[in-house]
């Protein structure tokens, strides 16, 4: 047992037959340092603990024994005097609270012995339940009388499962110690215990009827007795563990109590008799409430432990548990359930309102004054301001009583003493039921039970802490609550506090705080609402507002669904960030298509603006901008059309004196394949068209030819523009610098989209138009039809009365070529084209590209002045110094006059096609101009890139989350800047709803190793257009597994890119029909069934999908799991054969059913969908 003369706590507790907590508490009181039950203490300390425990237990047992003997033999007055003496010693309450009350093992056996000595021998149940204890009064003041005794008969409460045994003893009289004047009571009578508890109860009730007094006295008596009855198990007198078992048949019963003093409360027990037993503690009751366990009373009063019920409440033996909570800490809920204590009214004139700081209307004690320093209640009773709060209850204002703190361990022990003996029954269930029935039948007629409780009383919203509620038990055990429901508003919600029950951890009790503190852990008997009335009402209102929800009407449901569908549709539609208007007007349908809206939305918007429009009605630019801005989409005029306008006049005022005639610049425009380049070849007598890739022009060709007119040689400068739709910007640049526009229209094809575009460009540049109707030699050519179509575009031929020159020509057979040139010269002479060749050159960059040998190369058209080799010029934001110039034939020239196209070398970087250039006298001036332009150009380029990449973030994220958005990264390198622009413009026209094309880099020039590294890092595909690979680029591409695609024709390039975008799309599943069969017989097989079928068309395949139709209605859709023919499993059965069909999930076949077989196949999606 010992190690180095030491002993462990748990060994000492085992020797003393105590719990570890008792030893720990004793060690704490003796200031012995211990931490847990496994701590070691010296033998000397162990001896001290044993002496302390034995001393306390002997004192408690001795005090209980003496009080029982005195109650039997002495006069009440003598009892009072002795009680006062006992209570005058202040050491007793402290020892009781801190030493005696927490010793559970010491409380069990002595209690049984005392009980056996005081119990009638007629009852054979173990642990007879009745003892008599004399509660002696206490003097609260020197000037107060010291009389009053009360003797009650209480059953043993050791059996928690049979709480109804409490009902067999009705209280005779109960009063509490008070400073009021008192009168002497009759002597205590010794009576024999009744043979059974029911008869005893009847005798007690008969005595009550004979000695009935007013209702106030009864309420006090019943409340006091209720307190004693609930706490009687804690107040059985103790004896030493070695004392013999004393048996005695007689019991002590209280003498008839005088009813004249209804408010005298003398149940102040002798401190020596208040020894706790294994269940609950007995405590002197204070009128209207109970003290906290283990907390001393006010000055001069006894130590009130575990007070019983308030006066005015019925005797709560076996009453149902409190609704919404458990009993006091450590005390298990009552089981079985006693009579339903409905209607027991509160003290006269006052409903017991839970949570109120004091009870109004309770009368003062007659013939006496209240306790010292306590003012009277408004109704005559004492105002309980001096009492400290109960643990966890709302703080009562004005509390001034001094209470002694109690350690958490002691408070826990007081509250859980009932748990140790809950399995020792005293009364059997049969006897319990008999006693309950007897008690219910023999209740005193003057019992204060309310016979008509409010049937509509609403239960407060309290939840039970324990789910062990017995059936048949009621939810109310306090008549004051029913009274409050009848007289007040519906009961407010109580504060949500934790009610400690029998299953709660003891650590919770230990940490529940000391007395005088506000703690959130309460015993059920002390629970009170914390909030005031106004706060409860406020907290209750929001819950009422959300209880009922209006039912949605049909119209609201339809409206909500329509809004959801519209929102879903809007989410899928990706509106453009901006729209570009290529022409002056658009129809309503065209505008709706550009805005990704329904035409009805556009019409509705116009209607609200006072404009009535139809789908085919054209809208001007101002109206288009208004409608588009309403939907949050800005409108930009076609940049191409703006580029076609001549923004700078090349002729200045200083040039007027030196002006001479200059050759006209003629731009040939028209739809693709209408013969523009062939017409120029006929004029130049060359074969350019045959040498172009794909037979189409993809660059601006600048040529100067000489033509003899009226025996004079005239120079003409021609610009050949691409006719493909991708080269709109090129056509616009050609129109910007032109003097005369030649519109080529095929006689067999008529006006096409690019034809109309060329007309708009020419009109934007305000240049005259000469129409060349080509291919008149072809079959089916109709020049008149072309004239008719052009007249619809306000181009009326001269022979039709208009002012537009139209010449039918044949480029292949060179018919009417001279007439066309004459008409061009006539028109140019009318324009009076002049320039100053003596000034510094000014002009426009027609085309530019990066040559791997020559570097940046630009095709320049001099419009005024003379350009010489060595000149310093600024083309937009690019600085250059002319190193060399060559003409269209490749011949090197030193200077170029007005209207002369040349290729110039010597630029710092590739200039932008369409920029205007100007020669400066020195490089310093040129650099200053270029610096300013470069800053502006960078800002503009950045804005354009952000605008082009700006995709709606909401739609982008939505599509990415749905897995619908795919990206195709490209790096674009082309031979010239114009080709880069054309390709980028074409890529912008591709659908981007599900696949987004990202061009990470686009520039003219050859493909370099830097491009390969970028493509490898970003997972991009390199697109090369009419360009080559730099040295080492091919090897780097192979090493990094980079895909390089080279193209010479823009058609093929765009087709491949579109195919790659479609390859990123998920394929569609399309249903493909296989065949149809008819059910002609059914066969039951096990739990399922087989359908005998005849194949009417197509075939049936095993594991294919099928639908079963009955009377043209689909009754099943699933898979064909079994397919047999002549008891053999087959993969498929063709038309005209019979077979057996089985489905695992369908067996209700019927003759005449039609089986439709189908399967799903994948279909490649296109971007058009």
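Cβ atoms here come from the backbone N, Cα and C positions, even for glycine.
Feature annotation (Swiss-Prot): of 69-108, 589-628, the stretch labelled region 'Disordered' is 69-108. In Swiss-Prot, the feature region 'G1' is placed on 670-677, out of the ranges 654-661, 662-669, 670-677. Swiss-Prot assigns the feature region 'G2' to residues 695-699, out of the candidate ranges 690-694, 695-699, 700-704, 705-709. DSSP places the residues of the region 'G1' (670-677) in helix, strand and coil in these numbers: 2 helix, 1 strand, 5 coil.
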